[in-house]
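If you check TrEMBL, you get these features:
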- 56-61, 180-186, 263-266: GTP binding site (BINDING)
- S60, T186: Mg(2+) binding site (BINDING)
- 1-10: compositional bias 'Basic and acidic residues' (COMPBIAS)
- 11-21: compositional bias 'Polar residues' (COMPBIAS)
- 1-21: region 'Disordered' (REGION)
Amino acid sequence: MGACGSKEESPNVQANTSSLSIDPKLAAQKSKEIDKQLIEEKSKKEIKILLLGTAETGKSTVLKQLRIIHGGGFNDEDTQLFRCAVRKNIFDTARILVDAMAKLKIPYGFDKSKLDPVLFPSAGKTRDTDGAIKLIWADTGVQYCFSRNNEFQIVDLSYFMKDIDSFNRSDYAPTNQDILASRIMTSGVNETKVVIKGTIFKVKWIHVFDNVSAIFFLMDLSSFNLFTVEDVNVNRIVESITVFSFICNHASFKKSAIVVFMNKIDLLKDKLESEFVADYFPDLQDKMTIKTRQSFCREGSFVQQSTGATTVFPLHPSQRYRKNESSTGDCH
């Protein structure tokens, strides 16, 4: 009887199963709709920012700061990379200064024969490269040469040169401040994703024009007395204004907000102790009567006058390196 009962119930079970089946086409359509909704929801929480600027204005440092503050910081592998970068920065600075001393015909105050042959090929053999670099940096002639750094191409890495022993210890591990100060040549596409209050920010610094919410344009105010690597007759700020004008008038950015970071104000303040901006920008002669940081910073308005842009928001970071987790400071 059990078997007979089973046979009689089978058709009902099959019928019920059939009535619960879902049309594959309908399921696929519903799945697509859900995927579309998820994508739209995600896009609402993503803001694409295009980070732009000419050479050595602080773009890479901005990305590093964002990663430190909002992106979880750097792992051990990254730290090892920056450790090597710091040592290379120190060595490269010494080599550039040695070359500049010869170019500018500035005499040394020490016996070059005691220095490392890697730095001075004509010198005697020695393995004390660190000692040689310290001797170079401490030399009065080299310091005078460094004060004329607008006459040759060099990145200001005095942050590392002032404490070479600490950065060359075998157990040295870069701090966040060291990482911000270090320089690594960057090129190509570079994207950094950070989450700020639940919103995903995608920061890029190449020409990625689609759906750009805002443009962050960095301008190095301290470069008023420097010239480009490509053309020694082109002032770096003039180059920045030219590029910025192109960006402001580009059709792809008509709906994008533009924020200009007037960067490296601390270095500007130092330079204004001995330099006049008006010597490099004669048109500002009437406006630049007081040799102060504030007077030149106020001239940020000349960017708008030069480009005709109306959606520009100039910002003036006030400190060279980030001192806490909530402030980015200047971006070198």
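Numbering starts at 1 and runs along the chain as it is shown here.
Cβ coordinates come from backbone N, Cα and C, glycine included.
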Least surrounded among the binding-site residues, given as K59, R183, when other CB atoms within 10 Å are counted: R183
Inter-residue C-alpha distance, S60 (Mg(2+) binding site) and R183 (GTP binding site) (nearest angstrom): 9
Assigned element (helix, strand, coil) containing S60 (Mg(2+) binding site), judged by DSSP: helix
Neighbour tally for E56 (GTP binding site), based on other Cβ positions within 10 Å of its Cβ: 20
Which of S60, L180, all binding-site residues, has a Cβ with the fewest other Cβ atoms inside 10 Å: S60
